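Student: Can you read through this structure? Questions will come right after.
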Amino acid sequence: MTGAHPDKVLYAESRVLPELAAVEHYAGNEKTMRKALGLQAERGALFDVTLDCEDGAAAGAERDHAELIGALIMSADNRFDRVGARIHDLTHPHWRTDLEQIIGLAGSRLAYVVLPKARGAADVSRALACMRELESRRDLPQIPLHVILETHGALHEAWDIANLPGVESLDFGLMDFVSAHHGALPAACMHSPLQFEHPLLVAAKTRTVSAALAHGIVPTHNVCTELTDSVQVEKDARRAREEFGFLRMWSIHPQQIDPILHGMQPAPTEVETAGEIVLAAQAADWAPIRHHDRLHDRASFRYYWDLLRRAHATGVPLPEDIQQRFFV
């Protein structure tokens, strides 16, 4: 087994998490959508771009907006095929039209679909069925679905939603979730520090992450409302990652992208240690090893391999031997 890739050995009987960027940048109008694609082209695929029908389309112009999104996804500005689309929720009359237009125009290059305001697993199943129908008509591969948990029903059925084939991410939607409490939660819950400390929000975020990771999909954290305070944005990203286990976070302003990346990155010393342990484990055919007088086996090998994958996804420079062996 010497030389075997960690994914093949360490996850032979379990699901490897999807390789998603740690930042998901939202853009809704034509100007910000084009700017987002330009930034992604300059920076590389360190962040995904989500083009937004729900908050981006003017009333009465939903079809035109979906067509624009499809055209942008198919354009040369989409350099890495890491552009998704958020559709309207299933109570909106245009949700299916969004899918028909975007998948019809750009299904071959659409990275994922985001479903907002699902009321429970039944809504998610309905959206998935529509996607499968549209894909089969065009002989397209299955497009992943990301589900925003922002209603009481969706949070209650988080584990059922995470278990549905085709779901790739569970996203926590803070603003709508707080407003769904009819004033029982103070407005301060929509930002830090209370968004990380109020017992109801701690429970909701913990449930989101637990359901996602138990089913081998990615938990994604909500927005930071501080648009240009880079210190606060990074603090929020780090708390989301270290205290709750979120692996991805929304950005709603270009100046948030780098702080979120930094907040999601492992420390350089952790990356160095992880590289040493994974290389030693591979050299030992993945049998237990001793590193700095501590025992490591496949459980810790998985931990450190996941850390290296996260470092790579967030743009942390990797040791040359790690980069060449596992990420070329």
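Just so it is clear, glycine is given a Cβ too, placed from its N, Cα and C backbone atoms.
Not measured: the values here are computed from a predicted model.
Quick paste of what TrEMBL says about this protein:
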DOMAIN    49-241  domain 'HpcH/HpaI aldolase/citrate lyase'
BINDING   R86, E150  substrate binding site
BINDING   E150, D176  Mg(2+) binding site
Student: Please report the distance from the Cα of E150 (substrate binding site) to the Cα of D176 (Mg(2+) binding site), rounded to the nearest angstrom.
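Tutor: Here the two Cα atoms lie 6 Å apart.
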Student: Using DSSP with the three-state reduction, classify R86 (substrate binding site) as helix, strand or coil.
Tutor: strand
Student: For the binding-site residues E150, D176, which one has the sparsest Cβ surroundings, going by other Cβ atoms within 10 Å?
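Tutor: Taking E150, D176 as the binding-site residues, the minimal 10 Å Cβ count falls on D176.
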Student: Using DSSP with the three-state reduction, classify D176 (Mg(2+) binding site) as helix, strand or coil.
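Tutor: For D176 (Mg(2+) binding site) - judged by DSSP and reduced to three states - the answer is helix.
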Student: Inside 10 Å of the Cβ of R86 (substrate binding site), count up the other Cβ atoms and send me the figure.
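Tutor: I get 25 for this one.
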